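Asker: Take a look at this one; I'll ask things after.
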C-alpha cells in the first residue's frame, strides 16, 4: 500500500520537494530497485496489453522484464541493485489479510464478468487479480545471478533496506512506487523509474531534505504525518484525509498530542509503526556481512558493479532458452549489449568518494 496520498500531499504543500527528470540524468548512478514492485509491474503490464507471455504452463513476463529492462538501464549508464523483500514485520500481517480479502472480492467479480462475457470488465479485473508468486521471485533472482547483475534479499522490508543503502551512500537513489521509503529515511526516491523507458514518462524525483525543509517538519513529524495518512503497519482513521492529517501535525506536532482530540480506533498502532520506520532503515537492522551467496551476489557494498565480462553465456542460454523458451538469438544479442557496457562499472559520481565504511 505504501503511504496513502503522500505524493499528492507533497505536490500540494511542498512542490519544491519533487521534480521531473529524464532517465539519462541518472547516468553514473547506482540505484536500489524495489524488486517486488518491479516484478509486479512486469506481470501487470503484459495483462494490460492483452498478451500472454509464457512458456508451456509457466509465465515468463517477469523474467523478460528483468532481463531487457536491466540491459536498458545499464546501456543508459545506470547500475541497478535489485532489493528483494525478506521477512515482513508482524505488524504487516493485517495488511496481508486485507490484501487477501481484496483479491477474493476481485476474483469473484472476475468470475461474474467472465459469465457475463464482458470483455472490458474481464480485462480490468484480470489485471487487478495479478499475484506475484514465490517462483516469480526465485526465477528473477536466478536470472540476475546468471547475468552478474547486483541483487540482495533484505533482512525485512525491501523499501527499508533500499533506504539504508541510500543513507549509507552505497547507492545514490531508491527506485520504487511505494512512498514509505521516504519514511525509512531514503534521501532520494524515484518514481516511474521502471516505466520511464517503455511509457516515455519522466522520472519523479522526491528529495527528502527539500520535503522536510518545505513542509517545515522534523523527520519525526513527517513520519507521524505518514502514519496518519495510512501505512502498512497500522489501521487508518476514519475522516482523516490528506488535508486534515497535514493540519493536525502542523498544529499539534505529534500524534501523541492528538489523544483526546481524535478518536483513534483500537488497531491504530502508531507507536509500533513509528518503531518500524525508525529501526528497519538503520545500521542495527541492516549491517550484516554478505556471506550467504543465496541472499546476494554482492561481495562488498563498496564494490557494486555489473560484472558482464565473466557472464557464463552457456548457463544463461540453458536457463532462459532451453528451460524457459526464450529466443536464443535475442538472448545472445542482449548479452552482447551487456558486455559492451563495461565502462558503466567504472564511472564514479563525486559523492561516492564519501561512501560509508562498514
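Using N, Cα and C of the backbone, Cβ positions are placed for all residues, glycine too.
Keep in mind that this is a model prediction, so the values were computed, not measured.
So Swiss-Prot has the following annotated:
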| type | residues | note |
| --- | --- | --- |
| REGION | 1-103 | region 'N-domain' |
| BINDING | 34, 85, 157, 159 | Mg(2+) 1 binding site |
| BINDING | 47, 69, 157, 230, 232 | DNA binding site |
| REGION | 121-252 | region 'I-domain' |
| BINDING | 178, 180, 232 | Mg(2+) 2 binding site |
| REGION | 346-354 | region 'Interaction with PCNA' |
Asker: Would you say which of the binding-site residues 85, 157, 178, 232 has the most Cβ atoms within 10 Å of its own Cβ?
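Answerer: Compared across 85, 157, 178, 232, the most Cβ atoms within 10 Å surround 157.
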Asker: Any idea what DSSP makes of residue 178 (Mg(2+) 2 binding site), helix, strand or coil?
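Answerer: In three-state terms, residue 178 (Mg(2+) 2 binding site) counts as coil.
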Asker: Any idea what DSSP makes of residue 159 (Mg(2+) 1 binding site), helix, strand or coil?
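Answerer: Helix, per DSSP.
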Asker: What's the CA-CA gap between residue 230 (DNA binding site) and residue 180 (Mg(2+) 2 binding site) in angstrom, rounded?
Answerer: 10
Asker: With a 10 Å radius around each C-beta, find which of these binding-site residues (34, 159, 180) has the fewest other C-beta atoms nearby.
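Answerer: Comparing Cβ neighbours within 10 Å for the binding-site residues 34, 159, 180, 180 has the fewest.
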Asker: Sort the binding-site residues 34, 85, 157, 159, 178 by C-alpha distance from residue 69 (DNA binding site) and give me just the closest.
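Answerer: Going through 34, 85, 157, 159, 178 one by one, the closest to residue 69 (DNA binding site) is 34.
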Asker: Can you tell me how many other Cβ atoms are located within 10 Å of the Cβ belonging to residue 69 (DNA binding site)?
Answerer: 20
Asker: Which number gives the other C-beta atoms within 10 angstroms of the C-beta of residue 230 (DNA binding site), all protein chains shown included?
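Answerer: Around residue 230 (DNA binding site), other Cβ atoms within 10 Å: 20.
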Asker: Determine how many residues of the region 'I-domain' (121-252) DSSP places in helix, in strand and in coil.
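Answerer: Across the region 'I-domain' (121-252), the residues distribute as 66 helix, 15 strand, 51 coil.
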Asker: Which three-state DSSP class does residue 85 (Mg(2+) 1 binding site) fall into?
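Answerer: Looking at the DSSP assignment, residue 85 (Mg(2+) 1 binding site) belongs to neither helix nor strand, so coil.
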Asker: Taking just the CA atoms, what is the gap between residue 159 (Mg(2+) 1 binding site) and residue 232 (DNA binding site) in Å?
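Answerer: About 12 Å separate the Cα atoms of these two residues.
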Asker: I want to verify one value. Collapsing DSSP to three states, which class is residue 69 (DNA binding site)?
Answerer: helix
Asker: In Å, rounded, how far does the Cα of residue 178 (Mg(2+) 2 binding site) sit from the Cα of residue 232 (DNA binding site)?
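Answerer: With the alpha carbons as reference points, the distance is 11 Å.
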Asker: Express the predicted model's confidence over the region 'Interaction with PCNA' (346-354) as a mean pLDDT, rounded to an integer.
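Answerer: Mean per-residue confidence for the region 'Interaction with PCNA' (346-354): 46 out of 100.
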Asker: Using Cα coordinates, what distance in whole Å links residue 85 (Mg(2+) 1 binding site) and residue 180 (Mg(2+) 2 binding site)?
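Answerer: So the alpha carbons of residue 85 (Mg(2+) 1 binding site) and residue 180 (Mg(2+) 2 binding site) sit roughly 14 Å from each other.
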